[in-house]
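Each remark here refers to the structure printed beneath this line.
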Amino acid sequence: MMQKILFYSVAILLCLGIIFSYSLSTYVSAVFDNPQAFLFRQFGSVAVSFLVIFIIAHCDIDKFFYWFGRLLMFASFGLMLLIFVGKSLDFVVSAGGATRWIRVGPISLAPLEFFKVAFVMLMADRLANKFVIGATHTLLNEIKNFAFYFFVIAVSFIVILLGLNDFGQLVVLSMVFCVMLYFSGGSKRLIGWILGLCALCGMLVIIFNPTRNARFGDWLNGFLNTLSSNAHTASTEPYQISQALNAIHYGGWWGHGIGEGILKLGFLSEVHTDMVLAGIAEEWGFVGFAFVALVFAFGVVVQILRIARRTTNKAYYVFCIGSACLLAFSFLMNAFGVAGTLPLKGIAVPFLSYGGSAMLANAIIIGLVLAIARQNYNRSTYKTDS
């Protein structure tokens, strides 16, 4: 039952993503003189995603999980290194001040999206083997026990920060790792030290990077002004936030109807990608946004957690926890960014935002979770639901 709820919920969100990619890309499509350009591309990505989910869900997860996770890690990290050292290459693509894509013909690939999946898979496997739930160890022993993988994580994060200039995804991965560490048996003391170190590094990254410092200052000023007088500072990011809030306000309870939104007509850039939630709120209203949020929360995240609760394999348990957190944190950071309570970081909304790489990466996650649920069901190894 859980597998069906999860699959059908993902299917609903993917189909809604097709609708919104067409409805919210009117202005951009008109510029390219092809109103159906994003519709066809998103439809193709969704079709491939369904195929990926079906294939992975029917694999032998015990054999597939180990080698696929490492293959995906090496491939995605290798492509990120290629972007890092080869920014001048013709097939390395930049957009919005960041270089994160590799283009081969008509296909653009974002290696970081696949790296996130590989990261959760590898950490689930290693954390399950290195930590024991309920065991007592000193902080030094815990650090020694996982020292090599802390080094791997640090190197990966440096490549993402310096090579791909994606601070937002580092925040997401850091939170996901801490949650996975907790549920694998890591001590609260170790998690506290890691969170403190991440917070310190985050502050240093913001302080010593002029662009990030300015953007954070603009967001903070706009946020404080909103709390005090509903005013926004005149800067690029607060302008985006103010337009997103306008879209939410104009949408009201029931919205203007599909295709009837006006802020997508040049007022709000890239509505079909990072700002898709604002577009949904304008065209479908609060009711439509609430429907999407509930399907995502209870149809996807909660079902993954229920599957995690029932598996007897610790690595799969930690993977499901990490996958649910990865999807949930991505959704929440985008939603809070649109609402102005967090800085906008360009994090895609899972299954809804336009973009093939993120969609395929999320499809891999869903396929793996369904494969775990299918294996446990076939072997009758579900835990009793209390």
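All residue numbers here begin at 1 and follow the chain in the order shown.
Any Cβ shown, glycine's included, is placed from N, Cα and C.
The transmembrane segment annotation in TrEMBL covers 37-57 (among others). Listed as Cβ neighbours of the transmembrane segment (37-57) (distance under 8 Å, sequence separation of 6 or more from its ends, same chain) are residues 7, 10-11, 14-15, 17-18, 21-22, 25, 28-29, 64, 272, 354-356, 359-360, 362-364, 366-368, 370-371, 374.
Positions annotated as transmembrane segment by TrEMBL: 64-85 (among others). Within its own chain, the transmembrane segment (64-85) is flanked in space by residues 56, 92, 99-102, 109, 111-112, 114-115, 117-119, 121-122, 125, 156, 159-160, 162-164, 315-316, 319, 364, 368, 371, which lie at least six positions past its ends and keep a Cβ under 8 Å from the stretch.
The transmembrane segment feature in TrEMBL is assigned to 105-124 (among others).
For 145-161 (among others), the entry in TrEMBL reads transmembrane segment. Only residues 6 or more beyond the boundaries of the transmembrane segment (145-161), in the same chain, are considered here, and those with a CB under 8 A from a CB of the stretch are 77, 80-81, 84, 112, 115, 119, 123, 126-127, 130-131, 137, 167, 169-170, 173-174, 177, 205.
Per TrEMBL, transmembrane segment is recorded for 167-183 (among others).
Annotated transmembrane segment per TrEMBL: 190-208 (among others), in sequence order.
Per TrEMBL, the feature transmembrane segment maps to 284-305 (among others).
Counting residues 6+ beyond its ends, the transmembrane segment (317-339) has Cβ neighbours under 8 Å at 65, 116, 120-121, 123-125, 127-128, 168, 171-172, 175-177, 179-180, 183-184, 241, 244-245, 248, 274-275, 277-278, 293, 296-297, 300-301, 304-305, 307-309, 311, 345, 347-350, 353, 362, 365, 368-369, 372 in the same chain. Annotated transmembrane segment per TrEMBL: 317-339 (among others), in sequence order.
Positions annotated as transmembrane segment by TrEMBL: 351-373 (among others). Within the chain carrying the transmembrane segment (351-373), a Cβ under 8 angstroms from the stretch's Cβ atoms is held by residues 2-3, 6-7, 10, 13-14, 16-17, 20-21, 25, 38, 41-42, 44-46, 48-50, 52-59, 61, 64-65, 72, 107-111, 113-114, 116-117, 120-121, 272-274, 276-277, 280, 292, 296, 300, 304, 307, 310-311, 313, 316, 319-320, 323, 326-327, 334, all 6 or more beyond its ends.
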